[in-house]
């Protein structure tokens, strides 16, 4: 579909719609002589060395200029909204926030939640890995950038503003506030599509640089049964109109600052506080600014992913500045590395401050990718500076604007330091891995490590392709690293597998039923109730109301009894489909629509679930206070006997920390704090409590249920809870586990379950005390004494074993038989498998075969180097006679026979084969 985007301003002020002679795309301009759209590669940068904005701005100044303009606009005042975290806890379909509109997806755009202001303005830190291989090279690409934006949400019956006003606001900001030349601004038409939405759009271009994108989101992906008359085709995909029309704009903060300064690269304009110290530390040779300027001008014409090879860019720049490609590479490479390090460490600062913990999965994987890529760049520069020192520079510079960085500084730096140590260990182990792979390749006659294997080395072992190449080339094996390698692995990490939960029954079967009244929320202590049967679907019964809690939010379903016509029927499962609750029963044939039934839940099971669920929230509050604000819930489950809570954390939890967590949690229990729950509109809840609400994951709906433990923990949670913490009873941490990189599991018990655990421990102590015949308080020192005595005794046993092995060898040497020219020893002996191996190795000579079998059936075969036999052949011969299995190398094999009675026969078989 072609959109002709004629606006009020274009008509009234004499703008001309033209077609770019290079790319063929339509654009609007005030310049009648203009023939190109202003977008690279149609136009080069014209502002480098000649700033396109009269005044020089810093990041803070430009951000404030933008936000103030929209906030204080006379006709369209916008509400100023604080930045959202780069880790989007409110949604589960993306790993990181990559644009300001993502802050408001899906809830605001779908109409399920109100925007925090309408219209609104925001400057949103955004992280994208799609251009990671361009960072440092092109002069303009970042992994972290701020997208300044103004958004308007036009709901049915509530129009805010649309295309005309958006274009006018953008033009007013650029020309009146920033004093850009109107005749140099172009609006290029380029429909936008992404994330399931689409619409017409303008790219705003100035002096060869895209400074803003104005998207008019008004379509959504067409369903299979869409009305053909409503369908439009955008970029090859089918879309239908949305009810809500959204103004989605994005202005590049860093690009506008760069435009105002005219520096050789955007990095020089916004990251000088890191770049300059790194240049000094690395002793980087000062180069002619013209080289950097020409590099940026030409790099602006294409992306590395598009051109395929960085060498092409080098050749073009070298030609322009009149030096060789090799000399250009030598001069410019250190700058590119420093630029990339400065960008990557800034992205890390935001990610770690907002709760990302480096790991092998999801956003943690992307953080680790940045860490290891930065370390690799430092290594290439020959710099020994710790990465944490560079991150500290960002924290110092950015904390006045983002005070949360200072608050999290110690934890951020410790995470980075630990990751550096892990990476050093990875490199130490990695060399052997690569060499083993090279040996396999050489056996197959190959002499190049394929791309898939490079990706595996990186993803599974953390080995960067540059390190693999370094090792491989020493072994005479080639490695080709694609210019877009890191973009490829980042794309793989960002792919989200959409797991569809299997529905208990087809939603179509319950969609016409009324919502089930949730008595378990109205009164969590309700044990019995009456209800009417609305429908029976196979062995599931739907009631008009229920006190049975359905499975969800980490809390298991209730069980119990439904009494129908005097018959007690067991309820074995309770699930929710949409807003309808279904009860699985043992005898569904007894239930008829319209019948009144009496429900009775298993109260002991439910109350223990309530203790554990409320205890989970108390424990979470203690974990955050002891370990730090980077801690987020990564999963939970509970039962009657125990509960588990998975959290993001970058190292093992120490014993001292466990004691403090347990102490704090039990203090909150003893203080008997009030536990309140309330239903709030999503936007109000977000504004009131922030995004820590979503500890338990994404919660759907316009209205969400908030659980609030007085001055301790607030979460969006759909479970059943106790009205005060005192009812939880004692909380006992049973153990912690490292379930995956970056995730700790805490297993704990509350109430009676905790008491049972203490009783078990007391019984163990009592029994141990009786066995050792010492009072409980003397158990540690007694156990230590016994352990030391056992160690000494073990040393003596080992000494004796070695003496016996010597005697065995001496005895067996006297039993050598001659079979032709071959010496043969074959005996059934006393001793362990270790004894057999040691004896066989000592007895092995170049012209000798040794077969030793012990009373348990373990055997060892040793064959001399000069003999034309293999130990493995003899192992197979032995097991063919006496059963069992075994195998080994040419000179030594081992195994175990099944029939010990046939051991002598097997030995004779080997002897007879010589």
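Each residue's number is its place along the chain shown, starting with 1.
The backbone N, Cα and C atoms fix where each Cβ goes, glycine too.
Worth saying up front: this structure is predicted, and the values here are computed from it rather than measured.
The Zn(2+) binding site annotation in Swiss-Prot covers 613, 617, 717, 721, and the record cites sequence analysis as its basis. For residue 617 (Zn(2+) binding site), the number of other Cβ atoms no farther than 10 Å from its own Cβ, over all displayed protein chains, is 27.
Excluding 613, 617, 717, 721, which define the Zn(2+) site, the same chain contributes 614, 616, 675, 707, 715, 719, 720 within 8 Å (Cβ to the Cβ centroid), listed in sequence order.
Cβ environment of residue 613 (Zn(2+) binding site): 554, 555, 638, 643, 717, 719, 720, 721 lie under 8 Å away, each six or more residues apart in the same chain. The number of other CB atoms found within 10 A of the CB of residue 717 (Zn(2+) binding site), across every protein chain shown, is 25.
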